[in-house]
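Single-structure report; data block below.
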Amino acid sequence: MSTGTPVLYEGTTGVADAGGDSLNEDLNVYYAAGDLAWIMTSSALVLLMVPGVGFFYSGLARRKSALALIWLSLMSIAVVFFQWFFWGYSLAFSHSSNNPYIGDLSNFGLKDVLAQPSVGGSRVPDVLFCLYQGMFAAITPALAIGAAADRGRMLPCLVFIFIWTTIVYDPIAYWTWNPKGWSFIMGGLDFAGGTPVHISSGAAALAYSLMLGKRTGYNKVNGLPYRPHNVTHVVLGTVFLWVGWFGFNGGSALAGNLRAVMACLVSQIAACVGGFTWCLLDYRLERKWSTVGFCSGVISGLVAITPASGFVPPWSAVIFGIVGGAGCNFATKLKFIIGVDDAIDIFAEHGVGGIIGNLLTGLFAANYIAHLDGATVIAGGWVNQNYVQLGFQLADSVAGFSYSFVMTCVILFLMNLVPGLSLRVSAEEEELGLDDGQLGEFAYDYVELSRHVNDIVTLATPGSSGDATSLKGGDPEKTV
């Protein structure tokens, strides 16, 4: 995500290291208004992706837990942005740390985060880089927390988001994007979050699913026979994500330049190719054109192109779409092989998709594409005969996946020992649904209406005890 080596202001009065003195000089003159406008817009686009994740997961889940997944995605924004303000930004992007694994607390509480050039690039001030990167931090645990579908308690989810962002996301973001990080120094290429966002969230979702255990009635061969309860929500979530991804990948150029344009273009190509690749693979099985399949393919194409979007030429985006769509499609079967109830296939979409994208970046990264911003110089990948780049990408992927998976298991194991932070709802709440059991609200009014009708029918049934409380365990999946 770097657009060049950060430099201090010219002509400042010795306060550049403290963020700049806005009382004595106009700090705006050091930055192009167009660059600032593009990154602010990109920040808003990435923010739009978070409820998009909620709608996407909600549509794929069961009706009685639909609202809980939307709620969790929104709460991820709130929890992470407080964490980001508190110490997250400093741990990931502090200027003064010389540690190869994590930053220091020199910017605790956003101290001195104002107008000095960010560690990401000299064309973006610290305060804007903080805003933009905060959106990445917010969406990553939102991607992972969908693993709580149907059986995870809400309070432990929120505590987990805060701890996980601090212990897992911040260090991975540091070593990937901070010039002092070991992967950055090694030469790993990750333009917009293949490892910090997708691999880390996919590994965390796999670990969360493992630690929570299987949903009631889960069968290792066929899983649970529940179809997506609302395909319209899946489409809506896909649209939010697809639009937002232009800010996610395009904004990672950290300026309004040709590299940003190229990142948007290859993202669009990969998304389209991934969509019909997944669709065709599903058609061969059932001879039906799947809307959910197309949406899943679009997301897999976008995930795969994410780490490569500022490094690869347009023709290679077709390969990213095909390999990403096919790889993630087949990866949905892995949960049956390993016996982990990944309810929404987060590991298959984001974990596997991120690994595919990272490795393909090592093959197709081109030095002339990276230099479209006028500053970035890379050796390229196999297309530039830089064959060692694939090894760098593999090392980064393995490190990110392993660290996220192991640390997530450790965090959840310890949390489960703390009174009040047990991860899983009771059997009764699982049958009732997360919406009713944890939120006391419903995604659809007719769920409550159906319970009211059932109550009347029960009371009117000859021989009925008339005990309405016996309906509390009713499953709206079966009554509606």
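Here the Cβ of each residue, glycine as well, is placed from N, Cα and C on the backbone.
Copied from TrEMBL, the annotated features are:
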TRANSMEM  36-57  transmembrane segment
DOMAIN    37-444  domain 'Ammonium transporter AmtB-like'
TRANSMEM  69-87  transmembrane segment
TRANSMEM  131-148  transmembrane segment
TRANSMEM  155-177  transmembrane segment
TRANSMEM  189-210  transmembrane segment
TRANSMEM  231-248  transmembrane segment
TRANSMEM  260-281  transmembrane segment
TRANSMEM  293-312  transmembrane segment
TRANSMEM  318-338  transmembrane segment
TRANSMEM  350-370  transmembrane segment
TRANSMEM  390-414  transmembrane segment
Checklist outcome for this item: Answer key: the stretch among 36-57, 189-210, 293-312, 318-338, 350-370 with most Cβ pairs under 8 A to the transmembrane segment (231-248) is 36-57
Checklist entry - At least three Cβ pairs under 8 Å linking the transmembrane segment (189-210) and the transmembrane segment (69-87), pairs spaced 6 or more in sequence? => result no
Item to check | Recorded stretch, among 36-57, 69-87, 131-148, 293-312, maximising Cβ pairs under 8 Å relative to the transmembrane segment (350-370) | outcome: 293-312
Checklist outcome for this item: In the same chain, residues at least 6 away from the ends of the transmembrane segment (293-312) whose Cβ sits under 8 Å of its Cβ atoms read 56, 189-195, 197-198, 234-235, 237-238, 241-242, 245, 248-250, 252-253, 259, 262-263, 266-267, 270-279, 281-283, 320-321, 323-325, 327-329, 345, 349-350, 353-354, 356-358, 360-361, 364-366, 369-370, 376, 378, 381
